[in-house]
There are 2 protein chains.
Amino acid sequence: MDVEAPKELLEPLQLPRRILTGPGPSNCSQRVLQALRQQVLGHMHPEVFQLMDEIKAGLRYAFQTANKFTLAISASGHAGMEASIGNVLERGENILIVKAGLWGERAADIAGRLGIHVDFLETEPGVAFTPDTLEEAIKKHRPKAVFVVHSESSTGLKQPLEGIGNVVHKYGGLLIVDTVASLGAEPFYADAWGIDVVYTGSQKVLGAPAGITPISFSPEAVKKIQSRRSPVPVYYWDMNLLGKYWNCFEGQGPRIYHHTVSATLVYGLREALAQLVEEGLAASWTRHASVTEKFHRGLLRRGYEFFVKEPSHRLRTVSAIMLPRDVEASRVIRYAMDRYNVEISGGLGPSAGKVIRIGLMGVNATPGHVDLVLRALDEAVKFAKCQLKSNL
Amino acid sequence: MDVEAPKELLEPLQLPRRILTGPGPSNCSQRVLQALRQQVLGHMHPEVFQLMDEIKAGLRYAFQTANKFTLAISASGHAGMEASIGNVLERGENILIVKAGLWGERAADIAGRLGIHVDFLETEPGVAFTPDTLEEAIKKHRPKAVFVVHSESSTGLKQPLEGIGNVVHKYGGLLIVDTVASLGAEPFYADAWGIDVVYTGSQKVLGAPAGITPISFSPEAVKKIQSRRSPVPVYYWDMNLLGKYWNCFEGQGPRIYHHTVSATLVYGLREALAQLVEEGLAASWTRHASVTEKFHRGLLRRGYEFFVKEPSHRLRTVSAIMLPRDVEASRVIRYAMDRYNVEISGGLGPSAGKVIRIGLMGVNATPGHVDLVLRALDEAVKFAKCQLKSNL
């Protein structure tokens, strides 16, 4: 052998227990984990097709849509962003991106690579835009599509979406919405709100492992994709092909092989959606709301300020709060992890260095987790202050 | 709710046992499956970084390369193909693709979407090309890169690779090699053979689940990527960014968040590589060779013909054989699955309708599996012939 066997792989796999209360991934339920250990199946086996159909049904419920074109991409959430933009738009077309945090910037990066012209509606980080300001920007730029993040996990902002679809459609555009950090926790109605493309993360509220990304396209979006003059630049998420594998086209005949779906991740997502169905979507929304209300009450009682000033625009999944000016975030984060195995995250994008972020999603959205996180936070801040004093 | 909860998700998950002896995926070992059920961790946790480092070391061993730029993409094997071509080539550049089966065609489709000019070296399906014919084609087309499939699983062809790198480099090109269906079973030396980009499938010989794709870039390939005039068109597999997440650049500083890697798939691939290290690469090559020799002897004794005429060019992973003309493949396939839970596949691309394909890879590369597959095949063919007679 030219290259010798690496000795580190002779050590057994050892993993710590972590309570994932950052902005995601969140923990998986025992039921989901149990599904992941099942032996794999082939990507063209009828049993896998049935699970894919069940996933489609579960996702239509989660997205609240009748879209036949609802499926999951075999990649992480960023691929949902890239597939949305790359399918409905072509080189030379234009998109209006609402830039309220990191994810809008990322969407612009992705669109730019594909030769799509980007205009921005820039908002102050942590502040929602109104349908009126959007309409002004649309009138000015006349975009083929508008990209909006429902749950800006970098700042904890929830963007209200009612009425946005009408504004976008009035000028002939398509509305793309990122619900990576909200779907299943925040009320969301893809059809009633006139959303043309929506995707979410498997590893946040839904509680499946990362690596498989739910996405849904309205009939208008599908029409746009089917009338493209150029091929979708990426085979891996070309919906013309992927849709045939996921059986999304009316009367399409047998499914056609496109890629090897990961049976493991299909099992996990199927079970996560089954748990959502068992709990009920409305019940899940309510649970996340009441848990976050308890959490935010606890934070306010302690004098914390939120990055998002308007209370009704604070996400019930990821909260971004300011630490006292003399407390170093990195110390707090390390202490909570070392002593409590509790994940607290720092800021990201516009909130980097300014906040800590805490997520209570899926199986971690319980009153017990609120108590645990607050206890860990209290102690960690106390510790960080002590350290500060002892350093003086 | 506008869309009601789908009742099919209230049924428990029920999965059949299947012996995956088609062209892939192959079964996972119990050790890998056990790893998949471990609770997920965050994509920026130090424990996950350590596993990613171990995966890199394991992959350098499996690829037989010293490439620092060795990592895994969070997507299926097709993404390896797309990331290879999309990173080292730019719009307007040209690639020479050896089209010996389905995978060469797929590579051309992928390159074309990116605005890369494609020339072909077409070979008769099931027949390897020689360095001389390649050199002629290179002289004619002067490609920036040459794409070759080591293991053409659609026909069962193994393309000899020694000497190919020299030919490609002589004219200043880069050599991209697809080892999806061979790595870990067929002798392969990325560095000694002068291969610039190589990727493989996790779900074949390695025996990890699908959805995470090992890939490696030579220093020359990295140089080409870093000197691009245009950005890599796809954020998700832009190696300039992904490399910073996987810590592939010399002295790069801390890792930078790129996407949420699936901890589940990281666990699975890590354990699969650990098993390869424990067995030893040479031992794995030998095991696959001897098992396939036994299998092929059994097939020849029964009078079967191979799609690949040259014995030394037959893969020791996937075998494509012709059925007697009066035997319908679909009946054989169905019988083997129904009675034995044994997967036999039909042809694909140039072999569609002409062959059945059987794969003995990873944990399924054992003498016992040879016996089982031959027994299932014997019975299935007998059954198909009887059905034929009773239909007359």
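Cβ atoms here come from the backbone N, Cα and C positions, even for glycine.
TrEMBL lists B:23-359 with the feature domain 'Aminotransferase class V'.
Around B:LYS204 (N6-(pyridoxal phosphate)lysine), the C-beta neighbours below 8 angstroms that are at least 6 residues distant in the chain are B:GLY24, B:PRO25, B:SER26, B:VAL180, B:ALA181, B:SER182, B:LEU183, B:GLY184, B:THR317, B:GLY359, B:MET361, B:GLY362. Secondary structure at B:LYS204 (N6-(pyridoxal phosphate)lysine), taken from DSSP and collapsed to helix, strand or coil, is coil. Taken from TrEMBL, the feature N6-(pyridoxal phosphate)lysine covers B:LYS204.
Within 10 Å of the C-beta atom of B:ARG357 (substrate binding site) sit 26 other C-beta atoms, taking all shown protein chains into account. Residues annotated as substrate binding site in TrEMBL: B:ARG357.
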